[in-house]
Amino acid sequence: METLLKISGVDKSFPGVKALNNACLSVYAGRVMALMGENGAGKSTLMKVLTGIYSKDAGTIEYLNRSVNFNGPKASQEAGISIIHQELNLVGNLTIAENIFLGREFKTSWGAINWQKMHQEADKLLARLGVTHSSKQLCAELSIGEQQMVEIAKALSFESKVIIMDEPTDALTDTETEALFNVIRELKAENRGIVYISHRLKEIFQICDDVTVLRDGQFIGERVMAEITEDDLIEMMVGRRLDEQYPHLSQEKGECVLDVKHVSGSGIDDVSFKLHAGEIVGVSGLMGAGRTELGKLLYGALPKTAGKVRLKNQEIENRSPQDGLDNGIVYISEDRKGDGLVLGMSVKENMSLTSLDHFSQKGGIRHQAEKMAVDDFILMFNIKTPNRDQQVGLLSGGNQQKVAIARGLMTRPNVLILDEPTRGVDVGAKKEIYQLINEFKKEGLSILMISSDMPEVLGMSDRVLVMREGKISAEFSREEATQEKLLAAAIGK
């Protein structure tokens, strides 16, 4: 088995933090190496050391049997190591072809850009990924998933020996994901080495040959995928077995808090259900079924065209998110970076953003009270941040999600709507979020949990609503619900 890349004993420290401590990674020709670990385990730092963004404090990097130290991403890319970042890096007002070959445009013999050649080569790359768009289309006109495929095409254009994919399927549809997997299989057949970074265990077992696990910046081990189970992998990542991933809390539900009757509007068609105090109701369904639209409509982010909503026996009209907040309904978006958090602002500013009226007095803000409340939530939610003034964009996905939920709870709501509460969150942080949800439930909060993760819905919910084409197609008690029943109701069987 030919080793293309070998990272051994790498250390990296920042002021007050040892980010990497004896980190190791090997990449083999014709194989996919999963790089696993909780958020904050050191995966991104290791990749930045490899590509020359950070210098290492100790250790060695060998690429194609020679010692290397790249002075930046351009040098590593030119040497044949490409990285496809989780965050998109495209210019919206340029075409697909211009983005793929930016800075490397094909030239004619007289020095002008050879547009025909550039579009031909770009179209070949897109076809290889199953993308049907013309390479002349602007990137701004593409969906997030389609833009991600352009990023992958860009990396493939370098014909690299080693390709690092960081959460490559996060924004992809099932069809796009399968197209990507087909490309990965082709790359394996060409003897290229792939590093696949993902929190999605199902994908790891589906496409990867080997796995390397980091924990707290340390190398825990390298294993062959065929020789381990999901439980083995989780134990390597978090240092303990997660036999009970979904800690369901059994308790009697209280009074009816939210009563939705024949509500329609914005992709929702004649929806009725009740939500009680101290109850978690899961909302399941396929993509486009109307789950997110339901959450946003109840909150006031989308208009209601028919039906009635009663909160604690009082009819309410949420015509805006502010109305929703005023009426005690909080919606935590599935897109915490787009709709949820202001990444350039601090933890404190994000957390108190919708609750400043609680801290206002005679036209000013009681800053000490605000700081104390934020510190209480940081402690209660076990948010890993140096302090309340840390920029929220620098936190891990799990900690960002905790900040988003804390912001909602700070408004003291009656109803908490969680849309994909653990998307992009590692297995250890998921467990913490589930425990927090149970605490809210114990305190009598009414929770509507929208999720595409069926085990999550089944594991945490007291009842499950299944949506299809904007309607509720079925309702199941916790005891009745199974994955088979949920899927059958979602597809209309």
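Don't overthink the numbers, they just go from 1 along the chain as shown.
Each Cβ is built from the backbone N, Cα and C atoms, and glycine gets one as well.
Annotated ATP binding site per Swiss-Prot: G37, E38, N39, G40, A41, G42, K43, S44, in sequence order, evidence recorded as sequence analysis. Annotated domain 'ABC transporter 1' per Swiss-Prot: 5-241, in sequence order, evidence recorded as sequence analysis. For 252-491, the entry in Swiss-Prot reads domain 'ABC transporter 2', with the evidence type sequence analysis.
Projection of Swiss-Prot feature records onto the structure.
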residue	record	Cβ contacts under 8 Å, 6 or more apart
G37	ATP binding site	K43, V213, L214, R215, I220, M237, D426
E38	ATP binding site	R215, M237, V238, S396, G398, D426, V427, G428, A429
G40	ATP binding site	K384, S396
A41	ATP binding site	L214, R215, D216, G217, M237
G42	ATP binding site	A19, L20, A23, L214, D216, G217, Q218
S44	ATP binding site	D166
### Query
Within 10 Å of the Cβ of K43 (ATP binding site), how many other Cβ atoms can be counted across all chains shown?
23
### Query
Should G37 (ATP binding site) be counted as helix, strand, or coil on the basis of DSSP?
coil
### Message
Over the span of the domain 'ABC transporter 2' (252-491), how high is the average pLDDT in this prediction?
### Response
89
